[in-house]
Amino acid sequence: MMLFWILAITDLIMVGITWAVYGSSATYRDGMLLGVHLPESAASLPPVVQLTDSYKKRIRQFYLLHLFLGVAVAAPFFWRTSVAMILWCIWLCVFLIRAVSLLYSAHRQLYLLKQDLKLCNRAEESFTAAVDTHTATQTGKAKLPLYWHLLPLVMVFIPLFFSSVRNYIHADTTGLLFLVTWIAVWLLFLLIAWCYSKTGNRIYSAHTEINLAINMQEHRSWSWMFFFYSLCNSLAFISELIFLANDLEWYWWSHLLFFIFQTIPIVTIFVIYFRVKKKKAQILAADDAPIYVDDDYYWRNGWYNNPVDPRLIVPDRFCGTNFTTNMGRPAGKILTAGLAVVVAGLLIWMCGLFLRMDFVPVQMSIDGTQVSITSGYTDTSFSTDEILDLQLLDSLPDDSFVRSNGSADGHQLLGVFRGKKTGPCRMYVELDESPVLSIQTDEYTVFLTAPTKIQAENWYQELKDHMFDN
């Protein structure tokens with residue numbers, strides 16, 4: 001139930017944001033329509049109006065359909081997680097590819113229409129590139145230095161001074177996984193901040209003060225935003241790690257804090273975006289000498305392709321807060337292809353993982369004194385000499401079990417768990433199966449169910465016989 005609501009709400013938000021961003025391209029602003037530079041008068045020409053109206057109609061149908069499909073693909077979570085994840089991954093890929101292709105197709109059609117009708121941007125001379133050297137030398141001072149990102153890194157290691165956190169990381173692989181995951185996320189934000197620092201400036205006017213005011217505001221705001229996001233991300237991971245390491249009673253509070261610390265920067269991004277956009281519009285409204293940089297040729301296919309531009313990362317034409325790669329450089333092609341392969345590989349791996357969780361049966365075998373339990377996710381083994389207690393229960397003990405690593409989808413408990421009373425556990429339990437085999441060792445307690453009651457009783461008797469033999 002919870003997984004359904006999480007995914008359904010996420011899909012609705014994602015489709016809505018994509019519609020808002022890509023749909024707004026059909027509105028004339030900043031001298032562009034559908035990412036193509038045009039004079040404002042050209043936006044009302046019949047061929048242009050026909051093209052934009054057709055695009056608006058097509059995307060309205062497309063996004064309304066996917067608002068429904070985004071919820072529909074989450075429905076199988078009531079049955080099998082693996083089926084839901086496969087359907088969701090397929091839907092996600094189809095949705096994103098089609099959303100981009102609709103935009104790029106309309107963009108290319110309008111670019112060709114511009115060439116056919118010879119629609120130059122206003123009466124003023126336009127340029128394919130422009131440089132303001134004074135602005136370039138000054139905006140570098142507005143950016144937050146990258147070494148500030150060391151603060152979130154240092155913060156995450158502070159909890160390691162507490163013995164409870166160190167013991168948790170040492171005893172539970174989830175703690176170490178948390179730490180490694182956070183470092184990877186920190187590196188990602190550092191990479192984004194570095195890429196943004198290399199994007200350069202945009203030229204809007206023949207007046208240096210206009211260019212300087214806009215670029216200073218943008219670079220200052222977004223460089224601080226990347227740092228603030230990394231800082232909040234550190235606080236989120238710290239709160240989760242400390243609560244997990246100390247008291248299960250406060251486990252849900254850790255989730256709440258994690259959600260709050262992750263939500264604050266997301267809200268801040270929208271605030272900064274609209275604030276920067278409003279301020280930029282106010283500055284440009286007072287400009288009496290605009291410069292029109294018409295580089296549409298390099299964007300003619302929808303993506304940026306300029307072999308003579310040394311930049312690898314450039315601001316995206318269709319979304320002011322996004323960046324894209326320069327496909328005119330070999331590094332741009334390699335980076336884009338590499339990311340596509342990595343993302344596709346992760347989606348395939350994730351689907352395979354959930355398939356194994358749902359459909360690979362749990363098996364128990366005894367070889368001499370060694371007991372091995374295998375499943376579609378995690379395995380465990382121990383000696384019969386390590387068994388302290390063996391019971392066949394009607395159901396799981398009345399305890400609060402918290403998943404550290406594995407699956408808890410309402411149908412099964414599979415993986416590494418911790419119980420408030422029981423302590424560390426290894427779960428191999430189908431929730432609709434009974435009885436439950438409880439095997440207590442000196443390190444953890446294993447809870448295990450079998451496909452049939454007879455199979456569970458046979459496992460219990462087999463373990464019991466080996467215990468007495470030893």
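Using the three backbone atoms N, Cα and C, a Cβ is placed for every residue, glycine included.
TrEMBL: automatically predicted annotations, no manual curation.
Only residues 6 or more beyond the boundaries of the transmembrane segment (6-22), in the same chain, are considered here, and those with a CB under 8 A from a CB of the stretch are 59, 63, 66-67, 70-71, 73-74, 77, 84, 88, 95-96, 99-100, 102-103, 318-319. Residues annotated as transmembrane segment in TrEMBL: 6-22 (among others).
Positions annotated as transmembrane segment by TrEMBL: 62-79 (among others). Long-range contacts of the transmembrane segment (62-79) within the same chain: residues 1, 3-4, 7-8, 11-12, 14-16, 18-19, 23, 87-88, 91, 95, 98-99, 102, 409, each at least 6 residues beyond the stretch ends and with a Cβ under 8 Å from a Cβ of the stretch.
The list of residues near the transmembrane segment (85-104) in space but at least 6 beyond its ends in sequence, with Cβ under 8 angstroms from a Cβ of it, reads 7, 11, 15, 18, 22, 25, 34-35, 55, 58-59, 62-63, 66, 69-70, 73-74, 76, 301-303, 318, 347, 350-351, 354-355. As annotated by TrEMBL, transmembrane segment applies to 85-104 (among others).
Nonlocal intrachain contacts for the transmembrane segment (146-169), taken as residues 6+ away from its ends with a CB within less than 8 angstroms of a stretch CB, comprise 175-176, 179, 182-183, 186, 189-190, 193-194, 197, 226-227, 230-231, 233-235, 237-238, 241-242, 244-246. Taken from TrEMBL, the feature transmembrane segment applies to 146-169 (among others).
TrEMBL lists 175-196 (among others) with the feature transmembrane segment. Sequence-distant contacts of the transmembrane segment (175-196) (same chain, at least 6 residues past either end, Cβ-Cβ under 8 Å): 144, 146, 149, 152-153, 156, 165, 168-169, 222-223, 226-227, 229-230, 233-234, 237, 240-241, 244-245, 312-313, 323, 405.
Annotation source TrEMBL lists transmembrane segment at 226-245 (among others).
Feature annotation from TrEMBL assigns transmembrane segment to 251-274 (among others).
Sequence annotations record features per position, and here TrEMBL assigns transmembrane segment to 334-355 (among others).
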